[in-house]
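Student: For His136, Thr137, Lys274, Asn283, Arg292, the entry in Swiss-Prot reads substrate binding site, with the evidence type sequence analysis. Per Swiss-Prot, divalent metal cation binding site is recorded for His166, His211, His266, and the stated evidence type is sequence analysis.
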Amino acid sequence: MTTTPRIAITPGEPAGIGPDLVVAVAQVPCAAQRVVLSDPALLRERARLLGLPLEIRPFDPQTPAAPDPAGCLTVMAHALNAPVRPGHLDTANARHVLATLESAVAGCLDGRFDALVTGPVHKGIINDAGIPFTGHTEFLAERSGAPTPVMLLAAGALRVALATTHLPLRAVADAITPAGLEHVLRVLNQDLKTKFAISEPRILVCGLNPHAGEGGHLGREEIEVIGPVLERLRTQGLHLIGPLPADTLFTPRHLEHADAILAMYHDQGLPVLKHAGFGRAVNITLGLPLIRTSVDHGTALELAGSGRAEAGSFMEAERLAIEMARSAHGL
């Protein structure tokens, strides 16, 4: 490890706004060394379209990491498979996108990189290329040999983790099992300690049903699943509050001393977070043997190369990755 964090950055879909965001954040001095895994020609061309200065330096893992000056990027070259037109997807570049991710994961696992920041990928075009791909999280978990990862989104001091992720609403109740819920809470508690430097995390847990089940009259998941799991983990030292009604949990009185919230399903917790932190929310994958943060938006093909893409979420993802790397690696 180095005293200056070395952060791997994958821009994602080359026809989307990922390269725009990388060029934009390069205009701001960074406390870490950014190592962008991309095609240098792509970054130079996107900088030209945006009218921004860009100096590219080749990555040398033998050289100690040093903070990047404004207008400069360190690049670990990965050639495109086909020319890129902003806003126009091409299946030929699907393998390029995955190659950058493969290389970034390998670098995080072998210690060359201290954290990973991922730009938005286009799942559809990767699958259209004949490569099964469900998303960053699953890809990173498989490549790093991790068990079921946990999705956490953050906007400022508000952190919301999910007990279930991308499921139809009718499938959510059956997906909340004692073993699954315990796993999520243990991962959340442990990563808040190691990656966020919170010595005794205080976690608020939502109920599944309206009014947290109203004593069993509006559903029994709180009584039969959620409550017993919380009780068992409390006896092991976890500081868990709940199950609480979600409609009152997200109020200043409850949030004031909370380090994280566990929502039972995607649209229970994320609308509040995105309302509070629109444009600066960050997606974080917990439970991996590496630090990964990401933007909380898509490829925005229609904005690529236009200069109209907002870099707020990317900059926050980078800032948080650096902060987490310092906590986890003692940098």
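Cβ atoms here come from the backbone N, Cα and C positions, even for glycine.
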Student: Highest CB neighbour count within 10 A among the binding-site residues His211, His266, Lys274, Arg292?
Tutor: Arg292
Student: List the residues of the same chain that sit at least 6 positions away from His166 (divalent metal cation binding site) in sequence and have their Cβ under 8 Å from its Cβ, in sequence order, or write 'none'.
Tutor: His266
Student: Given the binding-site residues Thr137, Asn283, which one has the fewest other C-beta atoms within 10 angstroms of its C-beta?
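Tutor: Per-residue Cβ counts within 10 Å for the binding-site residues Thr137, Asn283 bottom out at Asn283.
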Student: Can you name the residues of this chain that are 6 or more positions from His136 (substrate binding site) yet have a C-beta less than 8 Å from its C-beta?
Tutor: Leu101, Thr118, Val121, Thr285, Arg292, Ser294
Student: Reduce the DSSP letter at Arg292 (substrate binding site) to three states and note it down.
Tutor: strand
Student: Do me a favour and check the Cα-Cα span between Asn283 (substrate binding site) and His211 (divalent metal cation binding site); whole Å is fine.
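Tutor: Approximately 28 Å lies between the Cα of Asn283 (substrate binding site) and that of His211 (divalent metal cation binding site).
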Student: Once the DSSP letters are reduced so that anything not helix or strand counts as coil, what is His211 (divalent metal cation binding site)?
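Tutor: DSSP assigns His211 (divalent metal cation binding site) to helix.
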Student: Can you tell me the CA-to-CA distance separating Thr137 (substrate binding site) and His211 (divalent metal cation binding site), as a whole number of Å?
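Tutor: Per the Cα atoms, Thr137 (substrate binding site) and His211 (divalent metal cation binding site) stand 31 Å apart.
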Student: At its widest, how many Å does the recorded substrate site span between Cα atoms of His136, Thr137, Lys274, Asn283, Arg292?
Tutor: 20
